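Read the structure below first, then the notes.
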Amino acid sequence: MEYIYLSLIFIPIIVAGLIYLFNNSTFRKAIVFLMSAVLVVLMVFAILQGDKEVKLSHALNFALEYLITFADYFLLAVIFLIGLKLKNNLISLLAALQFVLMFVFEFRAGKLEVENVFYVDHLTFIMLMLIDVIGPLISIFALNYMDEHEKHLHLEKSKQNIFFAVIMLFLGAMNGLVLSNNILWVYFFWEITTLCSFLLISHDGNEQSIKNATRALLLNSLGGLSFVVGIIFMYYKSGAIALSEIIRSQDSSILMIPIAFLALAGFTKSAQFPFQSWLLGAMVAPTPVSALLHSSTMVKAGVYLILRLSPVYIDSWLSNIVAILGAFTFVAAALLAIFQTNAKRILAYSTISNLGLIIALSSVANVYSIYAAALLIVLHGVSKALLFLCVGSIEQGIGSRNVEDMDGIKYKMPIVAFLTLLGSVSMLLPPFGVLITKWIAIEVSTQNIVAMLEIILGSAFTVVFWTKFIGKILSEGKDTKRIEVFEGLRHLPLITISILVILVSVFMTQFTNAFVVPFFKSSFARYSGVSSRALKDLYIKDFFGFNPFVFFGILALAVVVGVILYTLLRPKRYVKVYMSCENDDNFSFRAEKDESVELEFKNYYFETLIKESNITLISNIISVALIAIMFGVILK
Amino acid sequence: MKEIALVLLTIIIAPIIGGILTGIDRKITARMQNRFGPPILQPFYDLFKLFSKETIVVSSTQILYAFLFLVFNMVALVMFVLKMDLLLILFVLAFAVTALILGAMSTNSPYSRIGAHRELISVLAYEPVLIAMIIGIYFVTGSFKIDDVIKHNNFLIFELPFIFIAFTYVLTIKLRKSPFDLSTSHHAHQEIVKGITTEFAGPILGLIELGHWYELVLLLLFIGLFFAKNIVVAIIAMLLGYFLEILIDNISARLTWKIMLRLTWSMALGLALVNLIWVYIKYRVL
């Protein structure tokens with residue numbers, strides 16, 4: 001059955017090649033649809049196979065081993081050349097260092113074969129669902145979006161073949177990353193995602209996008225180097241290069257150093273402080289790219305790696321510090337989000353913040369925190385995909401991504417505005433799941449008082465920036481002319497994702513029992529007597545008394561009561577807003593000589609209180625210090 | 001069955017208590033200002049009058065938000081009476097405020113939007129202190145459930161004096177009383193008109209008023225939590241706490257939001273943290 005896993009990796013890569021070769025719009029649409037269907041079916045088959053460690057036939061394994069080793073060096077050489085072309089010596093240096101280290105390591109270590117090529121457990125399933133459902137939906141949305149996008153750019157020749165080819169390659173690489181057992185393979189796919197993100201961010205080819213893409217490549221190359229160092233330490237400390245062996249390793253203390261390096265690589269990929277700048281820069285790319293990077297690919301690779309490795313270091317000093325680091329990113333990014341007027345930047349900071357929370361949750365030694373971490377990966381993935389695509393549509397509709405220009409968006413673009421509302425409400429309010437994970441985070445982090453305090457503050461900041469954002473979406477505007485028309489290719493993926501947003505929150509406990517509990521059972525066997533407990537004992541009925549069915553039931557009831565109340569209290573008369581009786585309509589008032597002056601009211605952004613750049617600087621310094629402390633504790 | 005009766009009883013009795021307390025507030029305030037003051041039942045007359053008025057709105061969505069504000073406050077109080085999780089109660093309470101803010105932001109009124117943002121700043125100020133309070137209670141009693149907190153065999157105030165001070169501090173903000181009545185003042189026509197409630201009128205304002213009464217009862221119950229060992233002491237403490245808030249309300253002038261933010265983040269949060277760290281060391285490390 002190993003062919004399912006192989007096809008999950010190689011079909012998107014082959015399709016990428018085809019899309020690149022045939023630059024034809026109809027062909028592209030057909031093959032994207034076809035491949036989406038194929039990926040979903042393959043994913044379902046892969047999940048039906050259950051937990052597995054898969055061996056390949058000797059010849060196939062041998063061939064793949066050579067292919068990937070060769071491709072890996074080729075990839076590093078490509079990054080090296082890109083560095084040269086961008087005249088950024090640091091990138092070239094980092095690529096060269098990885099190349100040399102890898103080469104010497106592989107040369108000296110000799111045969112680094114792993115017998116079980118694929119390590120498939122329930123965490124893999126969770127990631128596969130995210131990649132192979134959300135990823136294709138974003139690609140389908142992009143079909144329509146990119147046509148519009150290129151119209152704006154007035155290109156002579158469409159560059160969409162490159163764009164979609166890279167996206168397909170990206171999805172294939174992500175599948176490879178979560179399926180591989182050999183950590184060298186994980187590293188290879190990790191590097192492909194780095195390259196893909198560079199290509200996607202620089203897609204528009206203007207000065208700014210190239211600059212931001214360069215930064216992304218630089219920071220991720222740093223992470224790549226850390227990954228290589230981690231692998232080498234891992235091999236010399238324990239002789240293990242298979243993830244399955246590492247997770248089951250009995251002596252975690254000798255593994256601390258490699259884990260710390262791998263965690264650092266995870267931080268760069270997940271854009272944790274002080275590496276957050278690349279993800280913020282990434283929003284210059286077309287919106288489907290942001291949606292992809294923020295929800296189902298790229299940044300999720302980082303938290304995946306950390307959650308994957310957490311059984312090894314949980315309940316140690318390292319896990320305490322990683323929890324503090326993650327929680328620090330949670331609070332700092334939430335604070336910075338308050339200062340943003342640019343909708344995409346608000347979303348980007350919110351992503352960084354949530355990833356910090358996932359990392360903190362992965363590192364707190366508690367059953368529920370692991371459940372919440374896995375759950376948040378999914379909840380955040382679907383909600384953020386929806387939000388980015390919606391904001392992208394709004395941007396194409398009104399020509400601005402500034403929140404201040406979104407007054408009256410509920411009239412101009414009702415469908416997208418409603419879906420944006422759903423997305424942002426799902427990130428903030430009950431009964432949606434993101435709030436529940438925050439709640440779990442506070443309740444379980446009481447053993448790590450520093451992380452707990454950070455989460456408390458971050459939780460307050462989160463309320464502030466989301467409320468401001470939601471308030472804008474719901475606000476009245478002068479211009480109420482509807483500009484939105486229903487487009488199947490654009491709106492159907494959005495509606496599908498929003499249904500997923502609701503479903504994952506409604507079936508939160510069922511999802512946890514079906515996917516997260518088996519992952520916990522198999523991976524955390526070593527941790528405080530998990531192995532002796534039956535799977536049944538680990539199942540949950542609810543999260544600390546929060547039952548989604550009850551709460552969604554109350555919500556449905558509230559809607560019914562609300563409608564009845566509305567008909568009872570139906571407004572008899574509409575009036576103008578109060579402006580000391582000096583207004584003709586709701587949007588302007590009479591000033592001097594009865595001249596009409598348009599009213600302008602902006603959200604508060606607290607610039608007078610403290611400067612955004614100062615907060616960024618201080619946060620970066622603190623996070624660098626924390627990382628230094630992390631290595632200081634580990635290195636003996 | 002018993003629980004359903006309890007829930008219904010709470011929903012009926014709480015606004016009566018809240019209304020009477022508000023009436024007492026107005027009476028005491030008047031006496032402090034050398035006025036005679038309205039009858040104790042005046043808030044009820046006001047409320048009935050509001051509900052008998054015609055429904056006029058700027059935007060019809062306002063009704064929804066006012067309704068949500070009331071419902072979330074009710075749910076939070078009911079959860080308290082059913083002795084559920086403290087942290088979840090706090091979250092529900094936060095959504096009541098969120099609903100009110102969104103209601104104020106949904107119109108294009110400058111006054112209500114300013115009020116909304118000031119309310120948002122208030123949330124920023126008091127939310128961490130409230131959560132810190134809950135965590136402090138957790139460290140001492142080992143549980144987030146009110147059920148277990150009440151069973152604790154000592155007065156919580158002895159373990160958490162600083163947290164209690166911090167709580168009474170933010171209570172002034174939460175009750176929107178001077179010096180922190182930034183988002184809306186309950187004393188007539190002032191600098192930002194009526195802030196967050198400017199655009200609400202008639203029955204819709206009535207819903208918000210009712211919501212406030214539930215909120216008031218719930219917040220006083222939080223004071224009672226610190227004295228939960230003895231019910232009589234708890235009631236006296238709640239009344240004294242409320243009197244203290246009225247007193248502060250009458251002897252202070254309004255401060256700016258910057259001062260409020262600085263004071264709460266340094267003083268109140270600082271006090272809460274000091275207390276939190278000592279109970280952490282006492283109950284977790286030692």
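For all residues, glycine too, the Cβ spot is worked out from N, Cα and C.
For A:30-50 (among others), the entry in TrEMBL reads transmembrane segment. For the transmembrane segment (A:30-50), same-chain residues at least 6 beyond its ends with a Cβ under 8 Å from one of its own Cβ atoms are 1, 4-5, 7-8, 11-12, 15, 18-19, 120, 125, 128-129, 132-133, 135-137, 139-140, 143, 164, 168, 171.
If you look up TrEMBL, you'll see A:108-152 marked as domain 'NADH-Ubiquinone oxidoreductase (complex I) chain 5 N-terminal'. Per DSSP, the secondary structure of the domain 'NADH-Ubiquinone oxidoreductase (complex I) chain 5 N-terminal' (A:108-152) breaks down as 33 helix, 5 strand, 7 coil.
Feature annotation from TrEMBL assigns transmembrane segment to A:122-142 (among others). Proximity of distant same-chain residues to the transmembrane segment (A:122-142), defined by a Cβ-Cβ separation under 8 Å and at least 6 residues beyond the stretch ends, is recorded for 8, 32-33, 35-36, 39-40, 42-43, 46-47, 51, 163-164, 167-168, 170-171, 174-175, 178-179, 286, 288, 291-292, 295-297, 300, 304, 307-308, 374, 377-378, 381-382, 385, 389, 489-490, 492-494, 496-497, 500, 515-516, 518-519, 522-523.
Beyond the ends of the transmembrane segment (A:162-178), by six or more residues, the same chain brings 8-13, 15-17, 19-20, 28, 32, 35, 39, 123-124, 127-128, 131-132, 135-136, 138-139, 142, 146, 185-186, 188-190, 192-193, 196-197, 199-200, 203, 286, 288, 292, 296-298, 301, 304 to within a C-beta distance below 8 angstroms of the stretch. Here TrEMBL flags A:162-178 (among others) as transmembrane segment.
Marked as domain 'NADH:quinone oxidoreductase/Mrp antiporter transmembrane' by TrEMBL: A:180-457.
Here TrEMBL flags A:184-201 (among others) as transmembrane segment. Away from its own ends, the transmembrane segment (A:184-201) comes close to residues 68-69, 71-72, 75-76, 78-79, 82, 112, 117, 162-163, 166-167, 169-170, 173-174, 176-177, 209, 212-214, 216-217, 220-221, 223-224, 227-228, 231, 241, 243, 265, 269, 281-282, 284-285, 289, 292-293, 297-298, 301, 305 of its chain (Cβ-Cβ under 8 Å, at least six residues beyond either end).
According to TrEMBL, the feature transmembrane segment maps to A:213-234 (among others).
Annotated transmembrane segment per TrEMBL: A:278-297 (among others), in sequence order.
The transmembrane segment annotation in TrEMBL covers A:317-339 (among others). Distant neighbours of the transmembrane segment (A:317-339): 256, 259-260, 263, 267, 272-273, 276, 306, 310, 345-346, 349-350, 352-365, 445, 448, 450-452, 454-455, 457-458, 461-462, 464-465, 468, 605-607, 612, 615-616, 619, 622-623, 626-627, 629-630, 633-634; these residues of the same chain sit at least 6 beyond its ends, with a Cβ under 8 Å from one of its Cβ atoms.
The transmembrane segment annotation in TrEMBL covers A:370-394 (among others). Same-chain neighbours of the transmembrane segment (A:370-394): 123, 126-127, 129-130, 134, 137-138, 141, 145, 286-288, 290-291, 294-296, 300, 303-304, 307, 310, 343-344, 347, 350-351, 354-355, 357-358, 361-362, 401, 406, 409, 413, 416-417, 419-420, 422-424, 426-427, 432-434, 436-437, 440-441, 444, 490, 493-494, 497-498, 500-501, 504-505, 508, 511-512, 515-517, 519-520, 524, 540, 543, counting only residues six or more beyond its ends whose CB sits under 8 Å from a CB of the stretch.
Here TrEMBL flags A:449-471 (among others) as transmembrane segment.
For A:492-511 (among others), the entry in TrEMBL reads transmembrane segment. Listed as Cβ neighbours of the transmembrane segment (A:492-511) (distance under 8 Å, sequence separation of 6 or more from its ends, same chain) are residues 133-134, 137-138, 140-141, 375, 378-379, 382-383, 385-386, 389-390, 393, 415-416, 419, 422-423, 426, 431-433, 436, 540-543, 547-549, 552.
The annotation transmembrane segment is assigned in TrEMBL to A:549-569 (among others).
Residues 256-257, 260, 263-264, 267, 272-274, 317-318, 321-322, 324-325, 328-329, 332, 335-336, 339 of the same chain, all 6+ positions outside the transmembrane segment (A:615-635), place their C-beta atoms under 8 angstroms from a C-beta of that stretch. As annotated by TrEMBL, transmembrane segment applies to A:615-635 (among others).
Sequence-distant neighbours of the transmembrane segment (A:549-569) (same chain, 6+ residues past either end, Cβ-Cβ under 8 Å): 430-431, 505-506.
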